[in-house]
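Trainee: Next up is a structure, given as structure tokens.
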Amino acid sequence: MVNRVLVWAAASPRLQRQVTENPIARRAAHRFVAGERLEEALEAAAALNSRRIGGILDLLGEGVTDLSGATHAVEEYEDAIQAIADRGLDSTVSIKLSQLGQTVDRDACVANLNEILDRAKALGVRVEVDMEDSSLVPDTLSLFRDAAATHPQTRLAIQAALRRTPLDLEALAPLKPRIRLVKGAYAEPVEAAQQGKKEVRAQFMYLTDWLFQHGSDPAFGTHDDELIAYARQAAARAGRGPEEFEFQFLYGIRRDLQQQLVDQGHRVRVYIPFGSAWYPYLTRRMAERPANLLFFLRALAGR
């Protein structure tokens with residue numbers, strides 16, 4: 001019930017306007033979003049680096065409706081890449097292809113993606129590609145496959161909840177892909193995605209084993225203690241040391257566990273969202289993990 005309400009809230013322009021214009025709600029959102037400006041995200045990355053934790057800068061927003069919006073997104077991504085390099089930060093940049101014009105002009109999207117990848121490669125900054133809703137998965141996989149041929153350090157997010165994911169990974173196997181495995185935060189129809197937590201967790205575990213056998217430098221984006229423990233066990237079974245994979249966390253979540261894993265010798269990276277389009281991101285995070293709603297409500301109450 002809570003999830004359905006939050007999914008509805010994410011799509012409600014009226015509620016979005018009420019929340020984003022509320023100063024208290026904006027402050028509370030800082031628990032999960034670094035801020036609206038790039039500088040705030042860079043400061044968050046530097047603070048994480050001081051704890052031996054890497055960053056993943058994520059410009060919030062998706063689904064541009066014209067090429068001028070895509071051009072603006074490219075400029076913002078390139079500013080982030082340049083700033084990471086200039087400051088010597090341990091941070092990647094995560095991009096959404098729908099921000100680059102994927103649903104507006106595919107050729108322009110390809111050109112924008114290659115421009116970002118070339119710029120990042122020249123400056124020694126790695127790029128990660130987010131996976132969006134299931135309607136965009138086939139084309140995102142195609143674009144990633146082409147990009148990885150010339151930029152093999154590019155990482156792709158893959159959603160364990162989607163029924164098609166095991167076959168998608170099998171198709172990518174010849175590339176030895178760099179994958180970020182996540183549960184998936186989008187509301188999907190039953191024919192496209194597993195709906196139960198048990199089923200999603202089981203597929204996550206299956207894919208974890210697959211990545212240690214066929215992937216390269218896998219990353220596991222989860223706060224689930226059981227899945228983290230499983231990944232560590234799977235790594236041991238595959239003969240992989242803690243330096244050969246990483247755990248990724250959302251900004252503001254399980255900070256104690258992040259540090260614990262680092263202290264135990266694991267690589268940890270935190271997804272740092274920033275930008276003015278934070279409302280849809282925030283509501284998806286709450287729908288994905290209802291405990292986040294409690295954090296947000298406590299922050300609203302000033303506790």
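Glycine too: its Cβ is placed from the backbone N, Cα and C atoms.
Note that this is a predicted model, so its numbers are computed, not measured.
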Trainee: According to TrEMBL, Met131, Gln159, Lys183, Gly184, Ala185, Thr222, His223 bind FAD; which one of Lys197, Lys198 is annotated to that same site?
Mentor: Lys197
Trainee: Counting every protein chain present, what is the number of Cβ atoms, excluding its own, within 10 Å of the Cβ of Thr222 (FAD binding site)?
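Mentor: Here the count is 22.
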Trainee: In three-state terms from DSSP, label Gln159 (FAD binding site) for me.
Mentor: strand
Trainee: Any idea what the model's mean pLDDT is for the domain 'Proline dehydrogenase' (42-293)?
Mentor: 93
Trainee: Which of the three DSSP-derived classes (helix, strand, coil) applies to Lys96 (substrate binding site)?
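Mentor: Lys96 (substrate binding site) sits in coil per DSSP, no helix or strand.
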Trainee: Tell me the Cα distance separating Arg285 (substrate binding site) from Lys197 (FAD binding site), rounded to the nearest angstrom.
Mentor: 15
Trainee: For Gln159 (FAD binding site), what residues in its own chain, 6 or more apart in sequence, show a Cβ-Cβ distance under 8 Å?
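Mentor: Listed in sequence order, they are Met131, Thr165, Val182, Lys183, Gly184, Tyr186, Ala193.
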Trainee: Which whole number of Å gives the largest C-alpha distance between any two of Lys96, Arg284, Arg285, the residues noted as binding substrate?
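Mentor: For the residues that bind substrate, the greatest Cα distance is 17 Å.
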